[in-house]
């Protein structure tokens, strides 16, 4: 038994194994088709004449030229033959297959050539086909190129079905080009247009291709409010005209009175340009400058001194309360960039003196302003520049009466006082290392800084690079508007004094 299995399945011996052989092709189908082509085509016209007696020699010529599917018989079953026939229809050649447009066109040319000389048609060989009667007019419209070719095989088996390309009725050669239904032309309706004899349309507004006198028309049902149904015609010039090539004369006759709520972009731009030009001309006629008198109401010209006094009073009352600039500086309001600095320290006794004296911000602005009315370009590194002005210090007041002088306090006490204050807050105290020197304690973004105010030859110097001053209040007053000459504090100034807290 083992020997028989080994010999039968060729187990363990690769030399006796034969390579797999490809399946032998079945040429019986090709032989049947060859025999079918050699047979004379007399049976096909008879079948066509049995279905329709009015076809004549044209249908016989068409059926003989297009051929038919083979009628398989014998060992092949009806189901297999139906499957093969349907497979040929599904995978047919788009150019040379039985349902292709090129083959239909050739069949129509053969029909026209075969039936042109006969006298069967009363019109001398010219047949009028319409889009609605193309499928039921004559036998040539009912028998398409692919349908006539497969008439014998489809009638013999109940499993054969027509493909989608063969279900459509073919269009004869005499019918003009019919565009698809989704490509339509909007025809402008005119009130003076009459009813064409092509047909009557009812309802709202419809689009339908019709034929009238051998010419293709596009009809649109006008609105019912105009009375009877009116249709406008657009004639296609030749066989190959598309709907967008058709030109309507009614479009040029229609006036501009109709407004559909749509405007071309060019027209909209032109209207906007015209509107802007009118607005600019209107503003030029007014002649009002925006920034001459920003807080004055529009009124008539001043005629008397009393009216001028009233207007001046009104103008002063409308000025901002926290603005200390004079009224003549309102010619350039975009230069208003002053920052209001809140005083964190307690007010000292010289409030009346500070109010009577001119504001340092005003003096600073007038110094920076050029004679021509503009601002001088000042660099950030120059000593004249200061982004934020510190609180004013009166250098004439002695050191012991200044609010930022705390006397003999330690470094830790000074840091505790500066801890809750903002950056650039400062105070002055006695130095712990020298009896005649003082220390300036400053809060920066990195912590606390303690700088020495040393006394040399009756002069006071801050650090090593500052100029000499006669008193400590002069040093503090000088660096409220300038940057400190201390390494690590080049960007800082003395802005916020820390006042002495009295219990």
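These residue numbers are counts, starting from 1, taken along the chain as shown.
Even glycines carry a Cβ here, placed using N, Cα and C.
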Practice item. Report which of 179, 382 appears in Swiss-Prot with the annotation phosphoserine. Key: 382
Revision key, fill the gap. Ranges in play 113-146, 147-180, with Swiss-Prot marking region 'Disordered' at 147-180
Practice item. Looking at the candidate ranges 225-262, 415-452, report the one that Swiss-Prot labels region 'Disordered'. Key: 225-262
Point to revise | Helix, strand or coil at residue 101 (phosphoserine) [DSSP, three-state] | key: helix
Practice item. Run through the Cβ atoms and count how many others sit within 10 Å of the one on residue 101 (phosphoserine). Key: 13
